[in-house]
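If you look up TrEMBL, you'll see Cys32, Cys62, Cys65, Cys71 marked as [4Fe-4S] cluster binding site. According to TrEMBL, the compositional bias 'Basic and acidic residues' annotation covers 7-26. The domain '4Fe-4S Wbl-type' feature in TrEMBL is assigned to 31-95. Sequence annotations record features per position, and here TrEMBL assigns region 'Disordered' to 1-26.
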Amino acid sequence: MPQQRSPEPERKRGTSTPPRDKDTPWHAEAVCRRDEAGLFFAPSKEPTAARLSREDAAKRVCADCPVRVECREHALVQPEPYGVWGGLTAAERRVLLARRRRRAVTTAR
Ligand code: SF4
């Protein structure tokens, strides 16, 4: 759930994460709760190279986030039009949503 946040200490890849408390909202465990580095949303008039670099940095944070799946689904269902959510940029989410829609139409026939 990208909001103003900064990456907290990153978890090591491949380490198992403890099971989540199902009564706790997924965003309570968001690694990016305070995005002080401003990684997840573009400032206005951001040059392309800076955007790509910022998005890669945000995705690295997402890669180790324990609620990445929930976050991604939230961003797809809403849909969230801006920012990196669940390791996907807005453009990547649009592509994924278009694929889902096409799949839904195909299976409905
Ligand atoms: S997956 Fe990324 S955007 Fe979503 S809560 Fe985790 S760190 Fe934030």
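Don't overthink the numbers, they just go from 1 along the chain as shown.
Positions of Cβ are set from backbone N, Cα and C atoms, glycine also.
Projection of TrEMBL feature records onto the structure.
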{"residue": "Cys32", "record": "[4Fe-4S] cluster binding site", "CB count, 10 Å": "26"}
{"residue": "Cys62", "record": "[4Fe-4S] cluster binding site", "CB count, 10 Å": "24"}
{"residue": "Cys65", "record": "[4Fe-4S] cluster binding site", "CB count, 10 Å": "24"}
{"residue": "Cys71", "record": "[4Fe-4S] cluster binding site", "CB count, 10 Å": "26"}
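The predicted model assigns the domain '4Fe-4S Wbl-type' (31-95) a mean pLDDT of 96. According to DSSP, Cys71 ([4Fe-4S] cluster binding site) sits within a helical segment.
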